[in-house]
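Here is the structure we will look at, set down as structure tokens.
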Amino acid sequence: MPRYLYFRPAAGHARPDRHPLLTYLDACASRAHIAELHGRLIRAHLAPDPAVAGRLVALLASPAAGHDMRCARRVFDGMSNPNAPVWNCMIRGYTSRRAPGEALATFRDMIRKGVAPDNYTMAAAVSACAAADGWAWEWRAAGDAVHAMVRKIGSVADLFVMSGLVKLYGTFRSVEDARKVFGEMQERDVVSWTSMISAFAQHGMWDDALRFLAEMQADRVSPNKVTIISLLSACGHGQAVDRGRWVYGQLSEYGIEADVDIGNALISMYAKCGCMSDALEAFKAMPARNTKSWNMLIDGFVQNQKYKEALTMFEEMLSTDFNPDAVTLVTVLSACTQLGDLQQGRNLHSYIRSREIYCDTILLNSLINMYAKCGDMAAAEMVFQTMKQRDVVSWTTMVCGYVQGQQFTAAFIFFKEMNVAGIVASEMALVSLLSACSQLGTLDKGREIHAYIEEKNIKRDVFLQSALVDMYAKCGCIDMAAEIFSKMQHKQTLTWNSMIGGLASNGHGKEAVQLFDQMLKFGDPKPDVITFKTVLGACAHVGMVSEGLCYFHSMSSFGIAPDIEHYGCIVDLLSRAGLLEEAFEFIKKMPIDPNPVIWGSLLSACRFHHKMDLVRKVRQHIINLAPNDVGTHVLISNLHAEGGQWDDVQQIREQMGSRGIEKSPGHSSIQV
């Protein structure tokens, strides 16, 4: 058992008389056994004993119980004066459960309550910092604070603590700080060297990594498989596939056997580098595999958008002796979701039920997401209703699914139920709800969401702020949209698009064009295809022909190839300005085939500007594209009739008759 899970009673915590139940404490090997023993200890009035409670915390926070931190916390909170080893178990358990925030919060509580940390505590706290996102400044600050305490209590001589600090700074991409800690170490083991080499490799400092690898061997410390796995992992993160191949090729020199763990690391490295053919080859060459091997390969296919290949490998896995675990199922559900393959998703759900596979919250959320993204909200809600424990992801997925499926009423009902359940909505759910308000034009609902954001003090990222701008703009409250837009410190392209589009759709075409010019002056972010469609539309509505043509021709400088909608905007721009001959010539010179909408736009302009001579030129083009469209034939017939061109009217009607095209009789209805 790792030393950080070992529980030793402190002085003054005398063991109770040796009850027969206590002999089972050291023999528990599963969550079920621990839960059963816990209940029996409570009934025997032994659970409150400090030594027994401490041992229960250690067991519940250990891998044997799957790091059952909720139960561990209940036992821990019932202890009057837990000692340092018990606190250590809690900190380490939270870290292993991928909850570094709770781990550090527990560490701070320990300090506030006057419990003196030991080297085991500091090693656990350092691991908690390293388990967090190394790019976030707040975690870096926490790591620096823990390092300062290491110095204060004199843990700098502890090998485990210092090795953890090297890994910590490697995680933060702070190679120089890692090197400094490494230089201060009084002794070093393979873990210390591996952490330092991995830090260099993650930063792309391969010369330093290889030099330290040589120094490590010169120091009579042989690389082990953890060293190789760390290097392969760094190669994967750094997209250094050639380096990864070299590292794997060194195994024989170091006398290391290519076991299943190294094979899995190799597959992962290839997958992260996008080399799935190499990953598959490495998988097939493995003398032995485990479930993780299959998971690595299937996940690699999913991460590289090869979803069908992922499903194929899953089917092959089912034909072997390996049973998929929750990780496999979540990954395969993701593939079904990306493909929009509802039937495959249903088959997988049936497989889970038939095998009576335990579904944790993550797996159930994946099922909900699959059904929601594939459009079966009834099945998604059925899974949701069966959940015993729901988290914010569960609620968010349901809300977003209903919005995506245009079931806006259900989305808002779920939002209300989420509030009743005491769940604070995520930014993603709020963005979805604001999108619903934009599509419905319901300003009151949008204001309610905005008030909710203010009330709950929800952090407004660029997506949430952009959604607010878009909602207010599309609901006609352009002043409020402009106010939020002007206060945003960071704007993305979608933010500019929402504001430019909002101004254009609310009759402020010139202001929309001016805002686009301002965007170009900033230079970052750059406009995208939607930006140009929006500004070209604005130019058309206010008659800014030269500006619109200039923007259209500038698209290539931004690496954007105009699509059919951009060409349609220019036709509309020229047609509205009465430049119909120019529009006609523009259409004929288009590098892509015009569609009936573009010709129809020009035809309508001919009617508005009374250019009946151009109708004959246009009509054949549009009839060729839509030879059996009754609306097109009727429109052309009516245009000729308005111009008194009765021979043309007769010709169009004869064409309709020869093709069997009949105009449906009009009708009206009244409600009585």
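Note that Cβ sites are derived from N, Cα and C of the backbone, with glycine treated the same way.
Look at TrEMBL and you will find 83-117 (among others) tagged as repeat 'PPR'.
The repeat 'PPR' annotation in TrEMBL covers 189-223 (among others). Mean per-residue pLDDT, taken over the repeat 'PPR' (189-223), amounts to 85.
Within the chain, the repeat 'PPR' (290-324) has long-range Cβ neighbours (under 8 A, six or more residues past its boundaries) at 260, 263-264, 267-268, 270-272, 274, 276, 279-280, 283, 331-332, 334-336, 338-339, 341, 344, 355. Under the heading repeat 'PPR', TrEMBL lists 290-324 (among others).
Feature annotation from TrEMBL assigns repeat 'PPR' to 360-394 (among others). With a threshold of 8 Å between CB atoms, the same-chain residues lying at least 6 positions outside the repeat 'PPR' (360-394) that come near it are 326, 329-330, 333-334, 336-337, 340-342, 345-346, 349, 352, 400-402, 404-405, 407, 410, 421, 423-426, 429.
For the repeat 'PPR' (492-526), same-chain residues at least 6 beyond its ends with a Cβ under 8 Å from one of its own Cβ atoms are 462-463, 465-466, 469-470, 472-474, 476, 478, 481-482, 485, 534-535, 537-539, 541-542, 544, 547, 551, 558. The repeat 'PPR' annotation in TrEMBL covers 492-526 (among others).
Sequence-distant contacts of the repeat 'PPR' (528-562) (same chain, six or more residues past either end, CB-CB distance under 8 Å): 493-494, 496-497, 500-501, 503-504, 509-510, 512-513, 516, 519, 569-570, 572-574, 576-577, 579. Taken from TrEMBL, the feature repeat 'PPR' covers 528-562 (among others).
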Residues of the repeat 'PPR' (189-223) by DSSP state, where helix covers H, G and I: 26 helix, 0 strand, 9 coil
Per-state residue totals over the repeat 'PPR' (290-324) - DSSP helix, strand, coil: 25 helix, 0 strand, 10 coil
Helix, strand and coil counts within the repeat 'PPR' (528-562) (DSSP): 27 helix, 0 strand, 8 coil
Structural state census, the repeat 'PPR' (360-394) (DSSP three-state): 26 helix, 0 strand, 9 coil
Structural state census, the repeat 'PPR' (492-526) (DSSP three-state): 27 helix, 0 strand, 8 coil
